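Over in TrEMBL, the protein carries these features:
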- A:63, A:65, A:212, A:300: Zn(2+) binding site (BINDING)
- A:92, A:145, A:185, A:215, A:300: substrate binding site (BINDING)
- A:54-401: domain 'Amidohydrolase-related' (DOMAIN)
């Protein structure tokens with residue numbers, strides 16, 4: 001689809017507006033016009049009929065571990081320690097590059113199907129493969145080689161070098177659709193000295209830092225005991241969390257940490273379903289938003305969710321605080337949609353995506369709104385309170401179709417599902 | 001499909017078991033055999049291939065207002081008082097029997113599509129029509145004519161008589177698939193004297209009582225001020241909530257009320273999404289379950305949800321308490337599935353549904369498990385944490401197919417969607 005095209009007769013919704021019947025023109029990877037009613041005819045342009053569809057920005061998933069898609073459903077309803085010790089770590093130990101690749105491919109299928117156009121992926125296996133597969137799939141991604149730094153100084157140095165090199169290679173991808181990030185796993189799995197060094201190297205290479213932080217109450221307590229400060233405050237003070245860094249989870253944070261995150265321009269990846277399912281807690285989303293901290297949404301891995309559907313994250317993010325605070329307006333659909341689209345794109349370094357607006361990358365999806373659970377009226381709430389990933393029919397990234405009418409165009413779905421099943425059967429702990 | 005049939009090669013999951021590859025035999029509206037592996041051949045039986053499907057009990061939705069499906073999305077993110085005063089009540093005032101019928105029909109389409117086989121429906125309009133349409137659709141339901149008793153004594157008497165007559169007529173439906181219930185709206189909309197009389201008449205007619213109760217903190221506080229007891233304790237003491245009654249919401253209840261509900265055999269309809277979305281609060285589900293109170297799940301109306309998908313209720317019911325209590329095992333998938341199936345059936349007076357077991361009514365659905373977001377492993381968690389109503393392909397009630405391969409067989413979906421859109425456009429407040 002190298003010809004320019006125009007989507008007509010379509011309902012257009014992004015975080016800031018809604019057009020009940022309009023058009024979107026796409027040329028050279030970009031949205032070149034958006035309007036109400038009928039577009040002017042242009043010679044040689046293809047037409048796509050968007051009737052009974054909603055056209056919205058592609059969703060952005062700012063936290064995940066794609067190889068772990070293979071561990072979906074391996075362990076539900078277990079306390080975190082048992083979940084890790086008895087199920088996840090033994091299963092992860094059995095993963096290798098090949099099975100990790102099968103998990104990443106499965107994740108990519110699921111993400112495209114559910115309307116995600118851009119994602120973050122941190123893991124330690126099959127990194128080159130993940131980059132190649134993402135390029136091939138047509139998606140956008142911020143990729144990182146995760147680092148747990150329990151080893152010797154020498155091992156730490158090697159890990160860091162490999163991680164930096166990998167992130168650099170992603171930054172200079174052929175397609176321009178990849179970004180690289182530096183991801184030390186967490187303050188409790190990386191010594192402070194290692195975090196400092198990681199930050200220095202990341203800055204040197206102009207790479208953003210991402211880190212799991214303040215996920216559980218236990219982590220925060222132990223960090224305070226050891227360092228005299230809770231982890232977010234500590235890493236802010238250390239200059240490890242700075243402008244453009246991504247703090248993942250940030251469930252247990254205090255008021256001064258909220259101010260610190262805001263003042264330092266740190267992004268937060270809010271992972272409501274994973275935080276609930278693992279019993280980690282509930283991040284203070286309304287407070288994060290009141291502090292104007294740029295919050296985006298992440299699914300975390302399918303092992304703690306159990307899907308990669310950002311629509312589910314939107315609904316959960318919107319729902320839980322209304323009940324908790326006993327205020328139906330504790331959250332609103334437009335803000336939630338902003339988190340799942342433009343905030344996500346910004347958090348991952350894609351400053352030109354997330355709106356349906358002239359000059360933005362043509363990253364958008366279609367929702368089939370001609371279904372019983374969507375009618376009789378369409379608005380921002382439809383996307384947050386009624387839609388799921390299973391309502392997505394078409395996905396475009398930089399104008400290129402990755403899915404049309406429910407059919408994946410850039411990856412071999414059947415083969416990928418088959419390989420995921422086979423890889424899962426080989427995992428020793430899956431019995 | 002009056003011939004007996006057998007579903008083969010299917011994964012069978014209900015609240016108490018899972019068979020990875022088995023069969024279910026259906027004859028004369030009943031499940032007559034369930035087993036592992038291949039069934040013995042029987043002459044004249046039809047075969048349905050269940051490969052790559054999960055066969056599970058049909059879901060039961062124990063609370064809703066089907067005509068309000070027409071109000072889906074009319075108002076999101078507004079505080080309860082403004083939601084009611086500015087949006088819902090004016091829109092409801094504009095509803096009539098005809099538009100209510102359009103809403104009920106739309107609800108039935110959505111419910112069948114999302115795997116619900118049995119539902120509760122309380123409203124004050126188009127009751128005969130709702131009964132007729134339910135019969136026609138092939139679904140099971142507990143129907144009631146809701147009563148708000150602000151009027152004169154005479155008006156109250158008339159309302160009560162009409163409601164009792166309606167419930168009786170449902171109890172004696174031709175198909176046997178309907179039940180009737182008596183539904184005084186709430187303690188704050190019905191004087192105590194009216195509730196007493198309603199209960200007396202309901203007992204006389206052997207009809208169960210359902211009531212919205214303890215939905216908001218405000219309601220509970222005002223009830224205590226007026227009557228010296230919180231509403232659940234009060235209605236237990238009054239003998240208005242008794243064995244087989246259905247307390248809807250029960251969000252704000254204290255410890256002695258938990259014991260009272262248990263001791264008196266009262267069912268609870270838990271409506272997690274509606275309670276969250278309206279800012280009502282979060283019902284103490286783990287405590288209800290610890291007290292062995294029979295809890296089932298309800299969507300409430302689409303105006304406060306915004307879908308009628310019981311899969312969404314399952315996931316929400318399972319998720320929120322894990323995070324709140326910071327315990328990943330605060331809930332578990334099997335218990336949640338029990339709530340959505342057998343507990344729901346019992347709550348609505350269908351004692352012979354909710355399990356995939358010999359002798360039970362053949363009320364079951366198929367889930368397409370051959371999808372990226374469901375693999376690589378299937379278990380109870382798949383139904384609670386991965387599946388949505390959009391994954392349902394087939395629905396059977398008493399052995400009769402209501403949906404096959406995504407096609408509705410008993411209702412005219414296109415016509416119903418069209419009529420819902422038209423009815424919605426006529427609502428004055430929809431602008």
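Yeah, the Cβs are placed from backbone N, Cα and C, and that goes for glycine too.
Known features from TrEMBL, placed on the structure.
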residue : record                 : CB count, 10 Å
A:63    : Zn(2+) binding site    : 29
A:65    : Zn(2+) binding site    : 25
A:92    : substrate binding site : 21
A:145   : substrate binding site : 25
A:185   : substrate binding site : 17
A:212   : Zn(2+) binding site    : 24
A:215   : substrate binding site : 25
A:300   : Zn(2+) binding site    : 27
Mind computing the max CA-CA distance among A:92, A:145, A:185, A:215, A:300, which the record assigns to substrate binding, rounded to whole Å?
20
For the C-alpha pair, I'd like the distance in angstrom between residue A:92 (substrate binding site) and residue A:63 (Zn(2+) binding site), rounded off.
18
What other residues of the same chain, not counting A:63, A:65, A:212, A:300, have a CB atom within 8 A of the CB centroid of the Zn(2+) site?
A:64, A:122, A:248, A:249, A:269, A:271, A:274, A:298, A:301
To the nearest Å, how far is the Cα of residue A:212 (Zn(2+) binding site) from the Cα of residue A:185 (substrate binding site)?
6
Rounded inter-Cα distance in Å - residue A:63 (Zn(2+) binding site), residue A:185 (substrate binding site):
12
Quick check: in three-state DSSP terms, what is residue A:212 (Zn(2+) binding site)?
strand
Note the mean pLDDT of the domain 'Amidohydrolase-related' (A:54-401), expressed as a whole number.
97
